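Now, the feature entries from TrEMBL:
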ACT_SITE  D9  active site, nucleophile
ACT_SITE  D11  active site, proton donor
BINDING   D9, D11, D180  Mg(2+) binding site
BINDING   D20, D95  substrate binding site
Amino acid sequence: MAGIVVVFDFDKTIIDVDSDNWVVDGLGATEEFERLLPTMPWNTLMDTMMGELHARGKTLDDVADVLRSAPLDPRVVAAIKACYGLGCDLRILSDANRFFIDTILDHHGLTGYFSEINTNPSAVDAATGRLRIAPYHDFHAAPHGCGLGICPPNMCKGQVLDRIRASAAAAAKRVIYLGDGRGDYCPSLRLGRDDFMMPRKGFPVWELICENPSLLQAEVHPWTDGAEMEETLLRLVGRVLLEARNLPPLDCKLESLPAVAVQDGMPMPLRIKN
């Protein structure tokens, strides 16, 4: 193994849209969604919307069909496969839900690349056939206790990241975290000096980081689209692999480290920017 854990958010990070909005809009329920949005937490609202869609005669297959059409940049797919091929431990940490994520990953042949998916659980109600979406953290029983004031009640991603980092499988590994939303800010604050934060530039987590970058210990490497994500992520993975082998650092005057490919189990440079 490469000694690297890569943690991906899902919506607007792996796929280029919000999967919840994609389904609601795609099945013609946007008006009802917007009417209910001010009245309940997002996670509760999505469970309610699954009931509303079911009442309108929309089936689970209809939901899945819309999910399969969600845009996923081929460069993101390439980055996932390359990191996996280099021995990285890939995980998902998302405030979407398991059915949505599984459906999209399966459609693109990516399910087997991730060792763990942390998200809101979902299941089909056997009696009605509708999809039920539950909170990752049961906030009806007790709050998750994060004091940052940004995390939604159903999930503190920072707490989940702490568990990932403390697990035996992730021990002594460096973390690369990719995300876009406000919920990704809490985990960014919990990364260490040897870790890397990859916020999507121009999105809420980037704006929060820019308010006070000194609060983060991890190096920050922004990205804007699938191509820049792939280039940046593989550059960081290549850097960690080189450092792990105690190889001399590259010329610090270079604009960036090279991207990497696999040849005989070693990272090989593809190109160097002049």
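For all residues, glycine too, the Cβ spot is worked out from N, Cα and C.
Caution: TrEMBL annotation is automatic and unverified by curators.
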Excluding near sequence neighbours, so keeping only residues 6 or more apart in the same chain, what lies with its CB under 8 A of D9 (active site, nucleophile)? I92, L93, S94, L178, G179, D180, G181, G183, D184
Row D180 (Mg(2+) binding site), column other C-beta within 10 angstroms, all chains, value 22
Cβ neighbour count (10 Å, all chains) around D20 (substrate binding site) is 20
List of residues, in chain order, with Cβ under 8 A from that of D95 (substrate binding site) and at least 6 apart: D11, W42, N43, T119, N120, Y136, P152, N154, M155, K157, G181, G183
Which residues, in sequence order, are found in the same chain with Cβ within 8 Å of the centroid defined by the Cβ atoms of D9, D11, D180 at the Mg(2+) site, excluding those residues themselves? F10, K12, T13, I14, D18, S94, G179, G181, D184, R200, F203
